[in-house]
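Please read the structure below before turning to the comments.
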Amino acid sequence: MGRVEIIRVRGGARLEGEVFVAGAKNSVLKLMAAALLAEGRTVIENVPRILDVTIMAELLRRLGCEVEWVEDELTIDVPAEPGTEADYDLVRRLRASICVLGPLLTRRGRVKVAYPGGDAIGSRGLDMHIDGLERMGAKVSSEHGFVIAEADRLHGASIWLDFPSVGATENLVSAAALADGTTVIDNAAREPEIVDICGMLIAMGAKISGAGESTVLIEGVPELKPVRHRTVGDRMVAGTWAVAATMTRGDVLVRGADPRNLEIALDKICTAGAQVSAEQDGFRVKMDHRPKAVDVVTLPYPGFPTDLMPMAIALAAVSDGPSMVTENVFDARFMFVNEMARLGADVRTDGHHAVVRGRDQLSGAPVTAHDIRAGAGLLLAGLCADGVTEVSDIRHIDRGYPAFVPQLQGLGADVQRVDVPDDELALEF
Ligand code: EPU
């Protein structure tokens, strides 16, 4: 019988102390893909120790790059002619692999990337990525599970996104950086991670204006050069700590993330009753009573982030009163609420709304993490549950939260990673 790791948490501790937040997963993966735009050594700083970075590094190696990861610094040496194919075995483990589409197409004139498929939070289309590249002159086809794009040279275009997709904006900005002429992307995503990648591209020599606004203008240049770039702090990890402090009636100083990138989430926490103050290189959250119920509606930035929705459900589950949580970005992101219900949460969903009636106390139980954020939300609920909660499938948590368990321990939580026999029943049929 094999063994697996789980996270075991005994609820009841008040989180107190200081935590450091590393670079954002959803930025660093795209910065790594953007490195493909220039031959030579790109260095990325403030890289979080997470599984997704390991997978992306492997993908870059298979494209012919040399990748070295020392402490929080990643060096990517890109050859003159990187490979053009990303296989399903890596893409299925890391949807962000799709971000090599734009950089490789514009650099090599051809790219073949496996379709990532859907995942535990819902369907994840590529139509806006593909439509934008076609407008820039690419011929895009689909064969045997791969999307294949070809263009001797991309040209500038006017692109209107139906929805401000983060991934499509990143792919199209990268592709346009080396295209002939000017590209305008309207209804572009405005996330801080978009600003981060545009900042790196500008340092590489790209001509981009409007990053962080709805209209981004990119004037193509013939060549980019490698640079050294520091990844923006992870606002999702920071937001997770903010909610954890609020739920446990704690006092936590979060360093390494800019509170201005988390305004709506921190405002909700204030409405729930916590005190939030800006500090040097971060912020502090203090709470001394049961949180008051708040409603939350997820939207693209600067709206409440969908990646913090599971934390909002966990908070609502222990708050005083009913909360309505509305999910507008992914179509199946409420799947994890059944696991929350195992912890005693009173949650009912109807379409993209969830109604949560807060309870005085949750009740520890074994639960399963189906995705990164759901896993973190379940752990937060476990911190407030009576008795022991065991979270399994924690590889998902490892994909996005560096050193989560030691950091929780540092704040006073009773939590461990535990190696247990894999009790998957091997039934014959
Ligand atoms: N969509 C389409 N067609 C497209 C592109 C997107 O229909 O061509 C839809 C998606 O199906 C989804 C919505 O648009 O319903 C939003 O998708 P978006 O492209 O904005 O998301 P993404 O780039 O695939 C990134 C993050 C997610 C985060 C979302 C929204 C990375 C690697 N992932 O995904 O992060 O939830 O933006 O902010 O950057 C996570 O970190 O746990 C995570 C899921």
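Sequential numbering from 1, following the chain as shown.
A Cβ is built for glycine as well, from the same backbone N, Cα and C atoms used for every other residue.
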Look at the UDP-N-acetyl-alpha-D-glucosamine binding annotation in TrEMBL, where Arg95, Asp307 are given, and name the residue from Val67, Val70, Val329, Val337 listed for that site too.
Val329
Anything within 10 Å of Asp119 (active site, proton donor)? Look among the binding-site residues Lys25, Asn26, Arg95, Asp307, Val329, comparing CA atoms, and list what you find.
Arg95
What are the non-local neighbours of Lys25 (phosphoenolpyruvate binding site), defined as same-chain residues 6+ apart in sequence with CB under 8 A from its CB?
Pro48, Ile50, Asp52, Val53, Asp234, Met236, Arg399, Gly400
Given the UDP-N-acetyl-alpha-D-glucosamine site residues Arg95, Asp307, Val329, which other residues of that chain have a Cβ within 8 Å of the mean position of their Cβ atoms, reported in sequence order?
Ile121, Arg124, Val166, Thr306, Phe330
Quick check for the class: what is the C-alpha distance, in angstrom and rounded, between Arg95 (UDP-N-acetyl-alpha-D-glucosamine binding site) and Asn26 (phosphoenolpyruvate binding site)?
11
